[in-house]
Amino acid sequence: MATVVAQPHFIFGLRTAVTNNVCFCDEETVVFPSGNNCVRYNSVQRCQKFIPGRALAISANRRYLAASESGERATITVFDLQHEQGRKRKVLTAGDFQVQEFICMAFSPDNKYLIGQTGGPEWVLILWLWEKQKVLATVTTGSSNHLISQVSFNPYNNTQLCVSGSGVLRLFRYTEGSLKQTSYPKVESVNFLCHAWLTHDRVVAGTDSGRLLLFESGELRREINVSNVRKIKDGDVDESSSLPRITALKPLSKGFACATGPGTVSLFEGTKEDGYRKGQDIRIPSDPCGSELVPAESQEIHSLCLSPAEETMVISTDRGQLYSINLPSAQKNKDGLLHFEFLTQSFHSKPITGLSICLRKPVVATTSLDRSVRIWNYETKSLELYKEFQEDAYSVSLHPSGHFILVGFSDKLRLMNLVVDDIRTFKEFAVRGCRECAFSHGGHMFAAVSGNIISIYSVTSFENIINLKGHNGKVRRIEWAPDDRRLVSCGMDGAVYEWNIQTGKRESESVLKMCSYTDMSFSSDYKTIIAVGTDHTLKEIQDCQVLGEVPADAVAHSAVAVSRTGRVVFTGTSSGAIRAIKYPLPTQKEWAMYQAHCAPVTKMLITLDEQFLVTISEDSCLLISKIIDKEGRRLKTSRQIIHTEEVLVTKSDLEEKTMMELRMRLEEMIMENEYQLRLKDINYNEKIKDLTERFTQQIDSLQETQQELKYTDNSAEVLEKHSKAVKDLEESYSQKLIVEHERFKDLQCEFERMQQDFEQRLKGAAVSSSSALEEQRQRYEELLQEKRELLAQTQDQAKEQSDEYKEMIKQIEEDENKMIHDMRIQYEKKLHTEKETSKSLKGETGILTQKLYSLQRQIDDRNSDISALKQERQDLQGLVRSQEGDISDLKRKISGLEKTNQDKDNTISSLKKKNQDLEKLKFVLDFRIHELQNLTEPQQVELNANKERIQKV
């Protein structure tokens, strides 16, 4: 038993020959069959987990997965998906029936029951209580003329189920321990390809003639067309239309989804009239790397599934592709055209024929009968490049640098460049039907096989260095020695030859005519050759001798790969299994085996870092397996591999990229200029607005200031001055009045004193003169009058001063009004200047906008010219390709005509030669005739004379 094994890691491909070959485990995980396994692919983490089995069905609660395996006694294994590795729960068999395969299966809505439909010739439907591995009932559903395509449970009743196929659409109910048919619609002439339950009693079915038939309680009620819905009579189900086949159906919460033609899924919605109307169409987009002969949008949809929340729809096609779409975003887009996207990446759709691994990059190249060449990255688990061609591709070899690829097509051998986004032909070689090619380890030479001849070419000069001839049958495999001086080949003639490249001679050979070799490989020390062939043995050959053999079982080895550490030999078988055999080879059948593919393994290689085993098969799948030891650890290698990331870019691509960058830069500059102009407009508008507001505020503030100056500042100042003057006057006059009052008091006192004195004098003088008293009174009255006049004069002066102050206030007010008027005129002039500046800026903005629009028009014209030139270039390229095809056809016709003419010329020359011979013979015969005539004339004369004599007698 080998201590090193290969464990499945990632697989590229989809198995199409499985009913309902895609389903959801949860919102992120999709299950689909690939190779001989069911793959659980997580679309977010981009990782895969493997479950053995082929046909599949998932339970309603998304917990259990049923996978069938075909064989002499087919089985169905139920896996628990909640377990990390998908733990086996139960294994179901068909009981007493000799069943070789189950073509379709389904779980009941309560997850307790499982039904499985067997294939021919029995066509038995089996119902299990799967938890107890108990067969509850069986019934025959089909025959050789009525093939079954789908079975399903009623999602609202776990005892009712539906079976559909060619001329068959039957409803069964499990009752009293048996399956009893409950409906008998007349559909013998209808080929049903799919069906789906819409309600508890309503089933919609699709036919191969493009009809959607709606059944209620098992009776035909309506036909749903793509554009309308119409009622039909019972039994009116004749197939007369030629619409595209309805190949898949899936119920939705508000209707159902239907594959209505090549590359198209239509969404149907329920109506208030208890019918259905067609909604949006979702299409498979065209593939820019695909072939025009087989467009991607013409693929037929094989099956479709929905995530539990109905957010994602995934479809599979007849060409082994998986597409997906997000339904909520699609339903928001009511008017736009909806397209699917690849769920992972594009896969091969036909058997893979060629495989090659690169030295400097973690990439793998494959070719297929689907006429495509693909470059896969086994580290990122992605498809880096692919391109489809017009001819079948048989073989491939990657240059050690990873920049070039050699592909053998049916008509020529092509050396191509791997540029950043394309695979472009660089040089063609006249090697037809090249089934095997290989670059040397140094990359300076390559070998190509055509039939039984191996041609060695130089990569630098493209000259044919030497042709290696010696095989009597087709060469199946070639491999270079590390020093590129030797090359080993094996063929269907049972020969393994070791060639000297410099001399072109065989250095060693081993011939077993009873064995047709299919593959071989060098051992880790490059001294021994490990070869496999049709005699069911693994051979170890060294120095023309078979050192040892490991016999196989009934299945033959078809491919072989040897690890560089020398610990293990991997072989692929014609049944799709991969075997790990320890090295040195054991004498008995000791190996670890797992079933990787469902078709013969055609090639297998080990990556240079000893981490992965890469295998291809006729089942269109590329499998990458991890190489681990018995403890699950990866192998350790002393060889350090440094991967590069450089890619080839042509000058035209650089120019186009530069043009695109310049165009993007121009668009960015245009957008930036527009943005800057918008910013300037916004800034200018804001400035104008700010200036207007500021000037308005200033005007308002000036007006307010004017008012304040008029009624506050100036008035206060004038009033202050006036009050101060009045106060001063009041103080001075108060002082004067006080003084005068004091003087008046003094005078009054004096007067009183004098009056007292006079009174005393009068009393003393008793008698005084009245005249003297009168004079004294007049004198004092005159004095009082003077004082009064002085007081009136003082009051007049105060009034005059008050009038002067009022005049001063008026003059100040007039000066302030004039100053305000001047300031207003000055600010109005400034505002007018700013408005003129704003108008000029707006004019400049308009001119710049017109220039921008003119530049945009020029750019649009240039873009239209560029697109027209590109279209013209594409048309010319298509014309060139068609002309090249016509030229090749004409060349073939000319060569055929030349061969025909040559044959005719040869025929003419042979006929001329025969004619000359005949002419010579004619001349000889004429001469002989003439001689005979000369000889017979005298005899004739004598005969005539004798006749006359006889008559006379």
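Placed from the backbone N, Cα and C atoms, the Cβ positions cover glycine too.
These figures come from a predicted structure and were not determined experimentally.
TrEMBL annotations:
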REPEAT    345-386  repeat 'WD'
DOMAIN    353-623  domain 'EML-like second beta-propeller'
REPEAT    468-509  repeat 'WD'
COILED    766-818  coiled coil
COILED    866-921  coiled coil
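Proximity of distant same-chain residues to the repeat 'WD' (345-386), defined by a Cβ-Cβ separation under 8 Å and at least 6 residues beyond the stretch ends, is recorded for 10, 12-14, 46, 287, 289, 291, 319-322, 392-402, 405, 407-408, 416, 418, 421-423, 435, 438, 441, 599, 602-605, 607-608, 612, 614, 616-622, 624, 642-645. Nonlocal intrachain contacts for the repeat 'WD' (468-509), taken as residues 6+ away from its ends with a CB within less than 8 angstroms of a stretch CB, comprise 435-436, 438-442, 444-445, 447, 449, 451-456, 515-522, 526, 529, 531, 533, 541, 543-544. Across the residues of the coiled coil (766-818), the predicted structure has a mean pLDDT of 74. Under DSSP, residues within the repeat 'WD' (345-386) fall into helix, strand and coil as 0 helix, 23 strand, 19 coil.
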